[in-house]
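Features of the protein shown, as given by TrEMBL:
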type     : residues : note
TRANSMEM : 14-34    : transmembrane segment
TRANSMEM : 46-65    : transmembrane segment
TRANSMEM : 71-89    : transmembrane segment
TRANSMEM : 101-118  : transmembrane segment
TRANSMEM : 162-187  : transmembrane segment
TRANSMEM : 199-220  : transmembrane segment
TRANSMEM : 226-250  : transmembrane segment
TRANSMEM : 262-278  : transmembrane segment
TRANSMEM : 325-346  : transmembrane segment
TRANSMEM : 353-374  : transmembrane segment
TRANSMEM : 380-401  : transmembrane segment
TRANSMEM : 413-434  : transmembrane segment
C-alpha cells in the first residue's frame with residue numbers, strides 16, 4: 001500500500017537527482033548557445049534552471065494529450081541535453097566554477113544541512129502543500145489531461161509540474177522538496193559569486209551568513225511544497241541582472257546593451273514559464289488571473305483576491321511594511337532607512353549597488369501599492385534585498401569610521417556587532433535544532449527521516465481524526481469512493497490534508513448511485529438527540545453542510561475513526 005510512496009531520502013534518489021541536475025545544466029547551457037547569449041560568470045550556478053524549465057515545458061505540453069508519464073519527464077530531460085553533451089564535456093569550464101572555488105560558501109551552509117536533510121525527507125505535512133502544491137497519487141494516476149476549471153488550476157504551476165515529474169519518477173515528494181531547496185541554494189551561490197566579483201570574498205561571505213543565520217526561516221521554507229522561495233529566487237536573479245544592466249547603462253552607450261536580443265529573451269520567457277500566462281489569457285481572458293483583476297470569461301467557477309487578507313501598501317504604510325521585514329523590531333525600520341541613507345552619503349564602495357537596488361525596491365513598491373497588499377511570504381525578495389542592503393551599508397559605514405577613529409574602537413565595535421548578530425542567530429536557530437532532538441516537538445520528523453517511522457504512522461500522527469479512514473480505505477481490495485461533506489475537511493482544518501495521501505481511493509462531495517456510501521468526517525456524533533453544532537465563522541453554505549454531515553454521521557455505522565457507512 002504505502003510502502004512504495006512518500007518514503008524519505010534514499011541514496012538512489014540523491015544519485016538520480018544529481019543525474020537530472022547534470023542533464024538540466026547541459027540543456028540550459030545549450031539553450032544559451034542557441035540564443036547566442038553570454039551571461040555574466042556569476043549566473044553560472046543557475047544555468048540548470050533553464051534546462052529544468054525546458055523539461056517542464058515539454059511535460060506541460062504533453063499533458064494536453066497524454067496522462068502524466070514519468071517517461072515523458074525523464075525523456076524530455078535526456079533529449080534536450082543529448083545534442084549538447086559532446087560539446088559540453090569537451091569544454092574546460094563545463095562545471096560551474098562556483099562549485100569548485102566557493103569552498104567558503106559551502107562551509108557557511110554546513111551547520112544547516114542536517115536540518116535541511118530532515119526537512120526535505122518528509123511526506124506532505126504543511127497545509128497548502130498538501131491540499132494544493134502536491135498532488136495525490138490517485139489524481140496522478142487518473143487525470144487524463146489538464147483541466148482548468150477551478151481557481152487553483154489557473155494558478156501558475158511551473159514548479160508544481162516539476163514536482164509531479166519527480167514524484168512519478170521516485171514516488172516521493174522528498175525529491176520535490178530537495179529540488180525546491182536546491183533552487184534557493186543555487187540562487188545564494190549566484191548571489192555569493194555576484195558579490196565576490198564586485199566586493200571580494202569577505203563581503204560576500206558576511207551577506208550569506210546574515211541571510212542564513214538571521215533569516216533561517218527562509219532556509220526551512222525552501223524545503224516546503226510552498227513555492228514562495230523558488231519564486232523569490234527567480235525574482236532576485238532577475239533583480240541582480242537588472243541592477244547589472246542599469247549599472248552598465250551608466251558606463252556604456254545604450255545601444256551596446258544588446259536590445260536587439262529582446263525577441264530572444266521574449267522567447268526564453270515564454271518557454272520558461274510565460275506560457276502559463278498565455279494559457280490563462282486564453283482560458284480566462286486575463287493572463288494574471290487569479291492574482292490580479294477579474295476573470296473575463298465564464299469558465300471560472302470562482303474568483304479570489306490573493307491580497308484580500310493582506311495589509312495595505314502605499315507610502316503611508318511603508319515603514320510598517322519595512323518593520324515586518326525585520327521581525328517587527330520597534331523603530332527598526334527608521335534605523336534601517338537612516339543607515340542606508342548614511343551609507344549613500346559617505347559614498348562607500350557599495351553606493352551604486354545600494355542606490356540602484358533601493359530604486360528598484362521603491363519602484364516595485366509604488367506600482368504594487370495600486371492593486372496588491374502585503375503578506376510576508378509573497379515578498380520574501382524584499383526581505384532578502386533589504387537585509388542585504390543593511391549589511392552592505394553597515395560594512396561601508398564601519399569601514400568609513402575605521403579611517404576616522406582609533407583602530408581599537410573600531411575593533412570593539414566590530415566585536416560588539418558580531419556578538420549581537422551571534423546572539424540573535426542563536427536565539428533563532430537553537431530552538432529549531434533542539435526541537436529535532438530526542439524530547440523535542442519535531443523529533444518525530446527526525447525519526448521519519450531516518451526510516452524509523454512508517455508512512456502509516458506518519459499519517460496517523462498528522463491526521464488523528466481522518467488518518468484511520470484513509471489507511472482503511474487504501475487497505476481494501478478494490479478502489480473506493482469517500483464522500484466528504486464536513487466543511488472542516490473541505491476548507492477549515494488541518495485534517496483537509498488527508499486528500500494528498502489517497503492512492504487507490506478517491507474523494508468527492510456527492511454519493512454515487514449503486515455504490516457503497518462511505519462518508520469521511522472529522523466531525524463525530526456524540527449525542528444524536530442534540531441539535532447539529534454551529535460555528536460563528538460559518539457562512540450559509542458551510543452551515544448547511546455542517547448540519548447535513550452531522551445528520552449523516554448520526555445515522556451511520558462507524559467503520560473506523562473518521563469513516564462511516566451511510567445506510
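Glycine residues also receive a Cβ, built from the backbone N, Cα and C atoms like all the rest.
A TrEMBL annotation is a machine prediction, not a hand-curated record.
Within the chain carrying the transmembrane segment (413-434), a Cβ under 8 angstroms from the stretch's Cβ atoms is held by residues 115, 210, 213-214, 216-217, 220, 394, 398, 401, 440, all 6 or more beyond its ends. Tallying C-beta pairs under 8 angstroms between the transmembrane segment (162-187) and each of 14-34, 199-220, 325-346 places 14-34 first. At the 8 Å Cβ cutoff, the transmembrane segment (226-250) and the transmembrane segment (380-401) share at least 3 close pairs (sequence separation 6 or more) and count as touching. Residues 20, 22-24, 26-27, 29-30, 33, 51, 54-55, 58-59, 62, 164-166, 168-169 of the same chain lie 6 or more positions beyond the ends of the transmembrane segment (71-89) yet place their CB under 8 Å from a CB of it. The stretch with the most CB contacts under 8 Å to the transmembrane segment (101-118), chosen from 14-34, 199-220, 380-401, is 199-220.
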